[in-house]
Each structure stands twice: as structure tokens, then as C-alpha cells.
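Enquirer: Got a structure for you, questions after.
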């Protein structure tokens with residue numbers, strides 16, 4: 001990996017950390033935070049490989065004890081708690097968003113981006129997060145779905161839109177994802 | 001937000017290897033969740049404060065600064081639990097969180113970032129087999145830690161610049177006028193940093209196979 005890619009990865013790990021300082025809203029065992037916005041941005045701006053590595057790097061920083069998660073949490077505790085599934089789903093989410101963004105790069109706009117972010121940032125995260133939450137807290141499916149997913153849909157839809165809008169501006173002014181090879185001759 | 005929390009010292013805690021401190025932190029975190037009792041959490045909190053203030057001789061401010069950062073979070077936890085379960089559970093959860101935050105503060109205050117990075121590199125050593133270079137992981141960690149305060153500073157600067165021009169835009173417009181430009185700015189910064197590092201030999205790769213691949 002080139003030093004430039006390494007710097008981008010480190011930058012987005014830092015961005016996710018800084019988004020954690022925005023106030024989080026505790027609603028039951030899983031809080032609403034701005035950090036998933038950072039996860040979506042990492043995928044949408046850096047692409048699949050670098051995006052997922054950025055999220056992974058952020059999780060390493062948390063695991064070694066830096067209080068970087070929303071609400072000042074850090075260490076290995078969060079990886080054993082009710083939010084463990086969400087944390088572990090983040091690199092996957094960034095990877096899926098990144099790959100889909102790369103695929104749709106030539107016709108990327110706010111709408112396409114929002115859809116991509118919904119698939120990677122909402123479907124993937126809930127698919128991993130809710131079962132783990134249910135297992136750790138011992139809630140029935142209905143309640144696990146309510147406190148672990150349904151509550152977050154409005155906020156996450158908004159975050160998906162915000163990440164797409166920002167990624168779209170970055171795409172036009174400072175593209176980090178390379179254009180797909182097959183389209184190279186069209187311009 | 002300051003991550004440069006290191007407080008120089010020569011006490012026992014400072015001299016402990018970083019790996020030992022990180023391991024202790026991990027064990028404490030697991031233990032706190034495994035022991036679901038209010039008394040255990042209270043004892044752990046007292047222990048952490050004792051280690052930080054008496055053994056490591058940290059200034060009280062190091063701990064209170066960290067505690068202040070999570071105080072509203074603690075109040076919210078208490079309130080939510082008082083409404084949904086009971087106050088005792090709320091107190092337990094809040095106490096556990098405070099203990100972990102303070103323990104992490106003690107470790108970060110007594111351990112240089114460079115030592116922390118070395119531990120991460122050592123842990124990553126087995127990944128060499130799948131083509132990961134531990135030194136590159138260490139470099140990424142060091143850059144991320146450095147970028148955090150820089151990002152905060154850049155955001156403040158853009159906000160100040162907009163205030164000077166008469167108020168800051170809100171809502172969706174702010175995305176285009178504030179957030180996106182900030183992101184482009186820091187992407188450029190990251191690019192500059194990487195070029196500076198390469199110019200100083202950061203791209204040195206000992207493996208001859210890769211050398212051959214990258215040759216023109």
C-alpha cells in the first residue's frame with residue numbers, strides 16, 4: 001500500500017474519531033451517534049479497500065484503550081458489550097459502500113449515493129448488529145429490532161443522505177477513487 | 001480534544017511496559033462486565049483512582065478532565081435506566097463506564113504514543129505472513145493520532161472564517177459550503193503528508209519482489 005493510501009486511511013480513522021465527539025443520543029443499549037456517518041464517508045470517499053481499512057484502524061485505536069467511541073468509550077469493553085455487533089459490522093459496511101460506490105462511480109450522484117449508503121450503512125449494520133444485541137442483552141426479537149434498528153432508521157437515512165451529498169462534492173472536486181479502467185478512454 | 005495526554009513521570013506505572021498496561025486495561029474491561037455487582041465496580045473505580053493519583057502521581061486534573069468529558073453521558077445513562085429499569089442498574093452501568101474511562105486515561109497519561117504504536121506493531125507481526133508490514137500499521141496509527149487534533153483545529157478555523165464573514169450557513173447548504181471543503185482540504189493535507197514522508201524514505205520497502213514490480 002502506498003504511503004498516500006496509508007495517509008488517507010489514517011485520515012478517515014481520525015475523522016470517525018472526531019465525529020465521536022459530537023453529542024450522542026442514548027436511546028437504550030445502543031446510542032445514536034455521528035460515527036456511522038464517518039463509516040459511510042470512509043466507504044464513499046475512499047472506496048472499499050481503503051475505506052474498510054480506515055474503519056479497522058479506528059477500531060484498533062479504540063481497542064488499545066483510547067476513548068474514541070461516542071460518549072468517551074474505549075478499550076476492549078465495547079467489543080464485549082451490546083454494541084459489539086455494530087462495531088464489528090462497520091468495516092464490512094464501509095467495504096460494501098466502497099465497492100458499490102466504485103461500481104457506480106461514473107453515474108454517481110446524491111440519489112445513487114444515498115441508496116448505496118442505505119444498503120451498506122443500514123442493511124449490513126443492522127443485519128450484524130441486531131442479532132448480536134439480542135444475544136448479549138437477551139431481548140426477544142421484537143424488542144431487539146425496536147431498540148436496535150427501528151429507532152435508528154430516520155437518523156441513519158439522514159446520515160446516508162449527508163454522506164452521499166458530501167461524497168458527491170468530493171468526487172467532483174478531489175476524487176480519491178480512481179475511474180474504472182474500462183471508462184478511461186471515454187474522455 | 002487533546003490526545004497528547006502523556007504526563008512525563010518516572011514512577012512505577014510510567015516504567016511498566018506499554019503492553020502490560022494495555023493488557024491490564026483489557027482485563028479490567030472484561031472483568032467489569034463479567035462481575036455485574038455495584039460493589040465490584042465501586043472497588044474497581046477506587047482502585048483505578050488510587051493507581052492514577054498515588055502510584056503514578058498524576059495531577060488530579062488529568063482524571064477530572066476525562067471525567068468531565070463523559071459527565072453528561074453518565075447523567076443520561078442514569079436517567080434512562082431510572083426510567084426504564086431501576087436506579088441501581090443505572091448507577092452500576094455509569095460507574096463501570098467512569099471506571100473504564102479513567103483507567104484508559106491513566107494508561108494514556110503514563111504511556112508515550114510511540115510505545116503504544118510499538119505494541120500495535122508487535123501484535124501485527126504475525127500478519128507479516130499475509131503481506132501486512134507491521135511498520136506501515138504503526139505509521140498509520142501514528143498518523144491517525146496526529147490527524148485528530150489537526151481536524152478539530154481545521155474545523156474551528158473554517159467556522160471562525162465564516163463567522164468573520166457574518167454567520168455560518170445551516171442545514172444542507174452547510175454541507176456544500178463547510179463540510180465538503182473541509183474534507184477536500186484535509187484530503188489534500190493527507191496527500192502532502194504522504195509525499196513528505198516518501199521524500200524522507202518512508203516508502204522504503206525491503207522486499208525485492210515488490211521493488212521489481214514497481215520498477216518502471
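Just so it is clear, glycine is given a Cβ too, placed from its N, Cα and C backbone atoms.
Just so you know, TrEMBL annotations are computer predictions that nobody has curated.
So TrEMBL lists the following for this protein:
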type     : residues  : note
TRANSMEM : A:7-26    : transmembrane segment
TRANSMEM : A:32-48   : transmembrane segment
TRANSMEM : A:53-70   : transmembrane segment
TRANSMEM : A:76-98   : transmembrane segment
TRANSMEM : A:110-133 : transmembrane segment
TRANSMEM : A:145-170 : transmembrane segment
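Show me how these features fit into the structure around them.
Expert: Among residues of the same chain six or more beyond the transmembrane segment (A:7-26), those with a C-beta under 8 A of the stretch's C-beta atoms are 1, 32-35, 37-39, 41-42, 45-46, 50-51, 53-55, 57-58, 61, 66, 68-71, 176.
Same-chain residues lying 6+ beyond the ends of the transmembrane segment (A:76-98) with a Cβ under 8 Å from its Cβ atoms: 29-31, 36, 39-40, 42-44, 46-56, 58-59, 62-63, 69, 116-117, 119-121, 124-125, 127-133, 136-137.
Nonlocal intrachain contacts for the transmembrane segment (A:110-133), taken as residues 6+ away from its ends with a CB within less than 8 angstroms of a stretch CB, comprise 29-30, 36, 39-40, 43-44, 82-86, 88-90, 92-98, 100-101, 104, 139, 144-145, 147-149, 153, 156-157, 159-161, 163-165, 167-168.
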Enquirer: Quick test of the contact rule: Cβ under 8 Å, at least six residues beyond the ends. What residues does that give for the transmembrane segment (A:145-170)?
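Expert: For the transmembrane segment (A:145-170), the list is 27-30, 32, 34, 36-37, 40-41, 44-45, 101, 108-114, 116-118, 121-122, 126, 129-130, 133-134, 139, 176.
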Enquirer: Using Cβ atoms and a strict cutoff of less than 8 Å, what residues sit near the transmembrane segment (A:53-70) while being 6 or more residues removed from its termini?
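Expert: For the transmembrane segment (A:53-70), the nonlocal Cβ contacts are 8-13, 16-17, 20, 22, 24, 31, 33-35, 38-39, 42, 46, 76, 78-79, 87, 90-91, 93-94.
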